[in-house]
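S.K.: Sharing a structure with you now.
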Amino acid sequence: MTTPQHLSDRYELGEILGFGGMSEVHLARDLRLHRDVAVKVLRADLARDPSFYLRFRREAQNAAALNHPAIVAVYDTGEAETPNGPLPYIVMEYVDGVTLRDIVHTDGPIAPRRAIEIIADACQALNFSHQHGIIHRDVKPANIMISKNNAVKVMDFGIARALADTGNSVTQTAAVIGTAQYLSPEQARGETVDARSDVYSLGCVLYEILTGEPPFIGDSPVAVAYQHVREDPVPPSRRHADVTPELDAVVLKALAKNPDNRYQTAAEMRADLIRVHEGQAPDAPKVLTDAERTSMLAAPPADRAGAATQDMPVPRPAGYSKQRSTSVARWLIAVAVLAVLTVVVTVAINMVGGNPRNVQVPDVAEQSADDAQAALQNRGFKTVIDRQPDNEVPPGLVIGTDPEAGSELGAGEQVTINVSTGPEQALVPDVAGLTPTQARQKLKDAGFEKFRESPSPSTPEQKGRVLATNPQANQTAAIINEITIVVGAGPEDAPVLSCAGQNAESCKAILAAGGFTNTVVVEVDNPAAAGQVVGTEPADGQSVPKDTVIQIRVSKGNQFVMPDLVGQFWSDAYPRLTALGWTGVLDKGPDVRDSGQRTNAVVTQSPSAGTPVNKDAKITLSFAA
């Protein structure tokens, strides 16, 4: 099942921005609000798994409840209907920027003052979420973005959980949730966590952006988790000279093993960071320098100059004897010899007795590369990672192994882990100006297979030609993605607006507001006042292409409407006609007998009543005899 390119007839998916363990994030266009958004879609292969489905829904609920400038906003959620069932998605604010992980990988450590500013803003975001009863549980550099205007944005509440839910069975299991290098000790032990766990993880992030590497590094996630629980971190200043002792103190307090010894809230950590930023001493305990440690451990001065140093006698308990000391030493030697003999015998059996013990290669398909490596190394195999494109398996997850799962190998032999880099990528060619058929062929030649045409208004010259593509030309995209080919449909149709009764200039403005800019003024014979618009061609209300030339019909003011003169005497009819502006001549028709009208009254007239007549036109009247 593949991800549809259109969701709910509103969101058009574009290029993939990134992948997570259970989702993929697309740049998308909100067709209703005409803005770019980021759309996170649950991986199609996980949509049918109730646990992943509920976890994804929980992320949407958690993030939607958090409205803060330093937290990526959630605009909408929904489910797309697919042949295999509903596919949930989350519509989020699109942040045009880079993650802290990318910054450190590309540019190395961040200057301490800037690092303090970034983490202080992240503290605000986390403190806001904690106040609303939600802990993040996966704070790491990849989940903190810096936008192009330097705004800090915390994102991905994918494994966040409401504090009110922390007593349920999911949280209490021994399953470790989060990323190994940023786990709090209580997370690593599978214990219930609270907001102080996020403080620890944020301390790990601060450590990494100051020094260029996380506080603990190991060959496997298990090894790193062990260090979080058991080992103290090296002060950041020993790895990067620009870190001050005051900043050391803040980092190490955030990284305290016991949650009670850490900052109790993200707000407390932010307050100490601001103090350090302003050149003040933090509330965190001071971290001693090497010189200060040496000074404290130096021997006190002798009571008097030149006094000889003597070994102090060691008191021994009653009954202690030299014979007992000797027997203990012999016992320790015997244990050591036995351990060495065990190793020698084991090696001899393997060398003389035949092949080493065979071990079955476990199935690690669709696990993360780190988890797969740990599983294989725990079986005694050496591992090497080979990254390759795959159209089915999401990036960062294992395609398979070589030898394949189920094979039996000798312990210590090498297994190649094939890790997906995602679908094969290709550069979208520029097909603007081509016909749709030509564009499809050019896109096929570039490696793409799925296409969809979308009409869009254009100039007459662009009608039937490609205007653009989505993804855009010269961008890389997965070859399995559908390419939208935007084809010119010619000028957009619009109704002609009415401007009757206006003057010509006002009419032009009204038509331009409706999208019609090509107009011509035509004077016509009409009874209306001179200069008054009496209509348009095409007539108002008609829908026509916006590039249509609209005739604005303006009255010459040279006509009047012929009145009904039948039954009137000429002495009455003449004043009526002149009052209407008539300046023409009377054409007297033949008299009419037996008309029923009074003698000399008008019996017939031409033009007939109600007809527009030029003011200088000839009028024919017949009178009763």
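Glycine is no exception: its Cβ is also placed from the backbone N, Cα and C atoms.
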S.K.: Among 302-321, 462-481, 542-561, find the range that Swiss-Prot records as region 'Disordered'.
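M.R.: My reading of Swiss-Prot: the region 'Disordered' range is 302-321.
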S.K.: In Swiss-Prot, one of 437-458, 591-612 is tagged region 'Disordered'. Which stretch would that be?
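M.R.: So the range that Swiss-Prot calls region 'Disordered' is 591-612.
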S.K.: Which of the binding-site residues listed here (L17, S23, V95, D156) have a Cα atom within 10 Å of the Cα of D138 (active site, proton acceptor)?
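M.R.: Matched binding-site residues: D156, sequence order.
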S.K.: Looking only at the compositional bias 'Polar residues' (597-611), what are its DSSP counts of helix, strand and coil residues?
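M.R.: Going through the compositional bias 'Polar residues' (597-611) residue by residue, I get 0 helix, 6 strand, 9 coil.
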S.K.: With DSSP as the yardstick, break the domain 'PASTA 1' (355-421) down into helix, strand and coil residue counts.
M.R.: 10 helix, 27 strand, 30 coil
S.K.: L17, V95, A142: which of these binding-site residues has the sparsest Cβ neighbourhood within 10 Å?
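M.R.: Per-residue Cβ counts within 10 Å for the binding-site residues L17, V95, A142 bottom out at L17.
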S.K.: Where K40 (ATP binding site) and N143 (Mg(2+) binding site) are concerned, what is their Cα separation in Å, rounded?
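M.R.: Distance (Cα to Cα, whole Å): 14 Å.
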S.K.: What does DSSP give as the helix, strand and coil breakdown of the domain 'PASTA 4' (557-625)?
M.R.: 10 helix, 23 strand, 36 coil
S.K.: For N143 (Mg(2+) binding site) and L17 (ATP binding site), what Cα-Cα distance in Å is obtained after rounding to a whole number?
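M.R.: Approximately 13 Å lies between the Cα of N143 (Mg(2+) binding site) and that of L17 (ATP binding site).
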S.K.: Rounded to the nearest Å, what's the C-alpha distance separating S23 (ATP binding site) and D156 (Mg(2+) binding site)? Just drop the number here, would you?
M.R.: 11
